[in-house]
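The block underneath contains the structure these notes are about, expressed in structure tokens.
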Amino acid sequence: MNLHAPNAEQDDIEYVDVCAVDDLWDGEMDVFDVGEHEVLLVKHEGRFHAYDGICPHQSVSLVEGHLTEDGVLICKAHEWQFSVEGGQGINPANVCLQSFPLKVEGGRVLIGTEPLPKEGEA
């Protein structure tokens, strides 16, 4: 089952098993080394989301921030805000988080080793 719907073919993606589905409670997040990337895994409203774990502003680990009940991920350094649904910037609106493909199989969460192309990239 794929609980994150990327717009990319997933047949040739290499995935890494990072945790069990039950390891993260709703509203929790954790960071994992996946390939050469630090990837933030967030569970919100029963769905998993995977993003680059480093804030695009000043390279602060996003896992040190917090997730609001309404799905806003806030960086601890300068309170940049991102929607957990898709990684779109809220404050500032012109910046977004890099998404990673993920899937759930056999009660395990697997994250792709390479980020998905940003919108407009091939």
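Yeah, the Cβs are placed from backbone N, Cα and C, and that goes for glycine too.
Over in Swiss-Prot, the protein carries these features:
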type: BINDING; residues: C55, H57, C75, H78; note: [2Fe-2S] cluster binding site
type: DOMAIN; residues: 16-111; note: domain 'Rieske'
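Counting other Cβ atoms within 10 Å of each Cβ, the lowest count among the binding-site residues C55, C75 belongs to C75. Residues P56, Q58, V60, G65, K76, A77, E79, W80 surround the recorded [2Fe-2S] cluster site, their Cβ atoms falling within 8 Å of the Cβ centroid of C55, H57, C75, H78, which are themselves excluded. Other C-beta atoms found within 10 angstroms of the C-beta of H57 ([2Fe-2S] cluster binding site) number 13, with every protein chain shown included.
There are 11 other CB atoms within 10 A of the CB of H78 ([2Fe-2S] cluster binding site), with all protein chains counted.
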